[in-house]
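Shown next, in structure tokens, is the structure this report addresses.
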Amino acid sequence: MRFRQDVRPGLPMVRRVKETIQKEERQKEANEKNRQKSIKEEEKERRDTVLQSALGNENKGFALLQKMGYKTGQALGKTGKGIVEPIPLNIKTGRSGLGHEEQKKRKAEEKLENYRRKIHMKKQADEQAADQFRVRFKNKQEERKIEGDLRKSQKACQQLDSQKDINIPKEIWYWMESEPEEEKDEEKEEDEDEYKSSDLSASEKLQILTAYLRGEHFYCIWCGTAYEDSEDLSSNCPGDSSAAHD
């Protein structure tokens, strides 16, 4: 058996109007519920109202205090040095367990302490890196100064040796440029001397060469003077190092 569809004129319009009215009523009810205060809010308001109001004679505890001589606004105790206001309530509204706030506070303090420790360690690392950079820079400057003094000593040595008709340096590195080799086969001793000189640092070469200049030619590269003899050198030269001439 089939039901025939209701095709009466105006029926769809009535249904739509009815559905619209029902939807507005449901929305209105939802808005009313949202405007209503929650149970916790109502409890808090009642609690605050009670706590803000002073105790009256109908309170048995307050009545006993009055019989014992207590007056409103008076401090507790025989000497009158006790508290005046009641101990405040600390209402716990959250769902966390006891001690949770202390644990949370302790974790925050630990986190802050770790952060401070990291900042301190980073600061120390930066300071250490800066100190190392300054040391490297200073050492580099000293190396450059030593190399400059060595070149100056080599030039002076070559000039002073030439004035004494010394055509071959005592060591191959005593002069700036070595003599050109005419023979292809070098002597074994010269090879060994050249090998040994490559093992010396610039500072060691400078110390050896300045000692040679002072002993052989009575010359100081830092004074820039050739003295008459060893006595004149020791009397008028401040010393055998660059630091002595600062």
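Any Cβ shown, glycine's included, is placed from N, Cα and C.
Residues annotated as compositional bias 'Basic and acidic residues' in TrEMBL: 16-49 (among others).
Feature annotation from TrEMBL assigns compositional bias 'Basic and acidic residues' to 98-110 (among others).
Summarising the annotation, TrEMBL assigns compositional bias 'Acidic residues' to 178-194.
If you look up TrEMBL, you'll see 57-103 marked as domain 'G-patch'. In terms of DSSP helix, strand and coil, the domain 'G-patch' (57-103) has 12 helix, 0 strand, 35 coil.
Taken from TrEMBL, the feature region 'Disordered' covers 1-50 (among others).
What TrEMBL lists as region 'Disordered' is 87-110 (among others).
Outside the region 'Disordered' (144-163) by six or more residues, the chain places 169, 173-176, 202-203, 205-206, 209-210, 212-213, 216-217, 219, 221-222, 226, 242 with a CB less than 8 A from a CB of the stretch. Annotated region 'Disordered' per TrEMBL: 144-163 (among others), in sequence order.
As annotated by TrEMBL, region 'Disordered' applies to 174-200 (among others).
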